[in-house]
Amino acid sequence: MENLPLTSNVRKDLPIKPSTSYQSVKQAKKLAARNVGISSDDDMIDITTSGTMTERTLNQRSPINLPGIDVIFAATLNFGSGETEDIPGIGQYEDFHTIDWQRDIARDRQRHRYILKRRQNSFIDLIKSAHDAWSGWLCVLLVGLVTGTVAAIIDIGTSWMSDLKFGICPQAFWLNMEQCCWSSNETSIELDKGNCSQWLYWSEFLTSSNYGTFAYIISYLFYIAWALLFAALAAGLVRMFAPYACGSGVPEIKTILSGFIIRGYLGKWTLLIKSVGIMMCVSAGLSLGKEGPMVHIASCIGNILSYLFPKYGRNEAKKREILSAAAAAGVSVAFGAPIGGVLFSLEEVSYYFPLKTLWRSFFCALVAAFVLSSINPFGNEHSVMFYVEYHRPWMFFELIPFIGLGIIGGVIATIFIKCNIRWCRFRKSSILGQYPVLEVLLLTAVTAVLSYPNPYTRMGTSKLIYLLFSQCDVSSHDGLCDYTTEKANVAGPGVYTSMILLSMAFILKLVTTIFTFGIKVPCGLFIPSLAMGGITGRIVGIFMQQLAAKHPHLWFFDNSCGLPGQEDCITPGLYAMVGAAAVLGGVTRMTVSLVVIMFELTGGVRYIVPLMAAVMASKWVGDALGKEGMYDAHIQLNGYPFLDSKEEIVHTALAADVMQPRRAESLNVLTQSSMSLEDIEILLKETEHNGFPVVISRESQYLVGYVLRRDLQLAIENAKRTIDGLLPESLVFFTDVTQQIMPSPLKLKKILDMAPITITDQTPMETVVDMFRKLGLRQTLVTHNGRLLGVITKKDILRYIKQVDNEDPSSVLFH
C-alpha cells in the first residue's frame, strides 16, 4: 500500500514510542543546524527546498489544501497509472525521516508493470515505455556531462586563485602562473626564483624586485591577505546561503544513501556555494582538499537532474540509484579514476547497489572522466593528477618497508581520527561553535603564517604530492634531488635539508588538518591524508635509497643496487606513493577501491602489490587501534541514523527485549470496526506515533494491518470536506462494509497496509538487525501466536546497538 503524502502542521516519525513530536524534530534540526554553523530558527528556513514544510510554516499553522480523497484512494489502489503523476507529493517523506525501501521498490515495480501492460495499446504508450526504459541511462549521462564540466571549472578556478596569492599575469590576469609562462622561453618555473619573465610576483609588482628582505615581507603579507580574503568569502557564503555546503559531505552522503532524508543537503544552493567555496578554501592554503567534496557536488547534480525524470525524482529508493552513480562520477573527476570511483561508490558510500546500478555508475564515471579529459584543466596529456614516469621494478625485500609504511600509516590515521573527533566534540559543546566564521579566519591566519616560511607547505598540497611522487632527473632543481653522483645517488646536503623541512611540513599538516576538518567551510581529507603519507613515504624511501647506495653488498640487496654500471634500485617516489595510500587507507578504511584509485591516480599499474600490502597493513592496524574510519566516526558524532553493514551484533537479545512498548505498558492501536471518528482524532492528538497497527479488537489484538499517521490524517481531513453527514460519533471501518449504518461511516480500508513486515517476539536481534539492514525497513511489528505485542523501529535498533557498545543511546537524535 502506497504512502500517502500529508503536508500538515504535525511532524511525526516513530511509531509506538512517542519520541518525535514537533519539538523533538525541531531539536533534531537545531542539532543539524549546529553541525553546519546555524544559530537561529530563521536560518533554518533557508536550508529546506521547495515542497518541504519549514519551521515558519509549522509555527503559522496555515490551512492546507489537499486533493480529493477519492483521487488519492484511486491512486493508492492503482499505483503506476497515469493519474498518480498528476498528484504532487506521492511517496515523499518528511525532513529528517528515513525511507521505506520495500514500499518504494514495490511502488516502482507496480508502476513498471502498469507501463508494460499498456505499451501495446497505442504508439504513445509504446513511446512512454521506451522512455521509461532508457530514462535511467539518459539521467546518468547528463549527470556525467555536468559533473565533468563542473569539475573542470573547479580545477581551473582553484589553480588560478592559488597562484593569485603569489602574483599576477599582467598581460592576462585570468591566467595562472603556468599558463602565463607558456609564451615564455623558460622551461622551468620555480616558486621562489621567479625565472618566468611573463609572471610578476607581488613584490615585483610593487617594488620591481623579487629578492631581499623587503620583497620577502611583501610577498608574505600578500600571501596572508589573500588567504584571509578567500577564507572569509567561503565562510560567509556558506553561512548566509548554504549551511549544508560545509564539511566533506561524504558522511552525510553515506547516510542519505542508506535511506535518510535531509532536505536541502543536495539542493541547488548547496551545489553552487560548495563549488565556489571549495575553490576559495583550497586557494586559501588551508589543509584540506577538494576531492572529497566532489562526491557531494556530484551527488547534488544527480539529485537535481533526477527531478527531470519522475521515475527517479518521485521515488526516494530509485533516486538513490542515481545518487550512487553520481558519487562514482565525483571520485572519477576528482582523481581521474573512473574505475576507482565505481568501486568507491560500491565499497564506501552506497547502501543499495544492484547490478544495474553498477553498470550505470560505470557509464556515469566514464562520461564524467571523458568530459574532464576533453576540457583538459591540467594542461597536459595526462588525465590523472599525479602521473609517475618511473618504471623500475620493485624487489621482493621491499615488501618489508612497504608493510612498515602501512603500519606507520595506520598509526598516523588513528592519531588523526581520535584527535579530530575530540576537537569536533569540543567545538560542538563550547562557545567556539557559535562563531564558525571567526574560527575559520583564525585557523586560516595561523596556517598561512606557519606555512609560508617552509617551501613545501607554501606550495599547494597537490603540487607537494606531485613533487613527492616524482622521480629526480637532470632538470630537477628541488633540494630533494640534490645528489652528489648520478648513478650511486648518494645524497647531498640539499636532500638532508629537504628531509628536515619535510618533517616539519608533516607535523604542520597533521596538526592543522586535525583542526581544519570539520570547520564550517567545504573541506575534504583525501589530499591532506595523501600529503602526510607521501611525506612519510618519501623520507623512508630516501633512507632506503641511501642504505642501498652506501651498503650495496648487504644480503637483502642481492648485489643489485649501487654497483658500477647498474642503475639505482630504490625509487623514493614509489615509497611516497605507498605511504600516501597507507595513510589514506587508515583514515577512510578503504581497501580495494583505494588501491585502484592509487594506480589510476599515478598510472603505476605495476606497483599494485606494494599498494595492496601497505593498504591492508594500514587497515589492520587502524582497526586494531580504533573502531571506525573518519567518515563513520563523524556519522556517529552527528547522531545520524546509519546502520553499518560491517558491524556485527554479538549479544543474544530477543525482539521482545527491544520492542516498544514494554510488556507492562499499553499499546496504542486502531481497531478495524469499533472506533469512532472522535476516538481516532483523540488518539492522534494525544499520541505522536508515526503509524498505528490495526487489530480486530482490543480484546483479541490479532493483527489486521498497519496505517500511517499522515495517511490517516489526510483521509480524515478530506472526508470532513467531502462526505455529508459525517459526525464525531461516526464509526471508522478498516474492513469492507455492506450493511447500511447511521450515521454515515468513514471507510478507510484503502489506506491500510495489509502486508506489514512482522516478526515474532522470540526472533534473535541479530536477525532483526540484518532485516533492517538488508530490507531497509522503517519498522517491523512484533507478534506472538498472531497477537500483536509491539513495534521495533529503526531508532530502537540504533539505541540497542549503542547500548551493546556501552555508548549513550540518546546520542541518536534523528529519526
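Note: Cβ is positioned from N, Cα and C throughout, glycine not excepted.
TrEMBL annotations: computationally assigned, not manually curated.
What TrEMBL annotates here:
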{"type": "TRANSMEM", "residues": "134-154", "note": "transmembrane segment"}
{"type": "TRANSMEM", "residues": "214-238", "note": "transmembrane segment"}
{"type": "TRANSMEM", "residues": "271-288", "note": "transmembrane segment"}
{"type": "TRANSMEM", "residues": "322-346", "note": "transmembrane segment"}
{"type": "TRANSMEM", "residues": "358-375", "note": "transmembrane segment"}
{"type": "TRANSMEM", "residues": "396-417", "note": "transmembrane segment"}
{"type": "TRANSMEM", "residues": "437-453", "note": "transmembrane segment"}
{"type": "TRANSMEM", "residues": "495-519", "note": "transmembrane segment"}
{"type": "TRANSMEM", "residues": "525-544", "note": "transmembrane segment"}
{"type": "TRANSMEM", "residues": "574-599", "note": "transmembrane segment"}
{"type": "TRANSMEM", "residues": "605-622", "note": "transmembrane segment"}
{"type": "DOMAIN", "residues": "752-810", "note": "domain 'CBS'"}
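For the transmembrane segment (271-288), same-chain residues at least 6 beyond its ends with a Cβ under 8 Å from one of its own Cβ atoms are 150, 153-154, 157-158, 161-162, 164-165, 223, 226-228, 230-231, 233-234, 237-238, 241-242, 245, 249, 296-297, 300-301, 304, 443-444, 447-448, 451, 458, 460-461, 508-509, 512-513, 516-517, 521-525, 527-528. Here the transmembrane segment (214-238) sits against the transmembrane segment (437-453); at least 3 CB pairs are under 8 Å, leaving out pairs fewer than 6 apart in sequence. As a quick check, the transmembrane segment (605-622) and the transmembrane segment (322-346) miss the bar of 3 or more Cβ pairs under 8 A, pairs 6 or more apart, so the two do not touch. Below 8 angstroms of C-beta separation, residues 275, 278-279, 290, 294, 297-298, 301-302, 305-306, 308-309, 311-312, 321-322, 325-326, 329-330, 332-334, 356, 360-361, 363-372, 374-375, 377 of the same chain, each at least six residues beyond the ends of the transmembrane segment (134-154), sit close to that stretch. Counted over residue pairs 6 or more apart, the CB atoms of the transmembrane segment (574-599) and the transmembrane segment (437-453) come under 8 Å in fewer than three pairs, which marks the two as apart.
Counting Cβ pairs under 8 Å to the transmembrane segment (437-453), the top-ranked stretch among 322-346, 358-375, 396-417, 495-519, 525-544 is 495-519. Long-range neighbours of the transmembrane segment (358-375) within the same chain, counting only residues 6 or more positions beyond its ends whose Cβ lies under 8 Å from a Cβ of the stretch, are 136-137, 140-141, 143-145, 147-149, 151-152, 155, 298, 321, 324-329, 331-333, 336-339, 341-342, 345-346, 383. DSSP assignment over the domain 'CBS' (752-810) gives 24 helix, 18 strand, 17 coil. Sequence-distant contacts of the transmembrane segment (495-519), counting only residues of its own chain at least 6 positions beyond either end whose CB sits under 8 Å from a CB of the stretch, comprise 246-248, 286-288, 412, 415-416, 419-420, 423-424, 427, 436, 439-440, 443, 446-447, 450-451, 454-457, 461, 464, 478-483, 525, 528-529, 531-532, 535-536, 538-539, 542, 630, 634.
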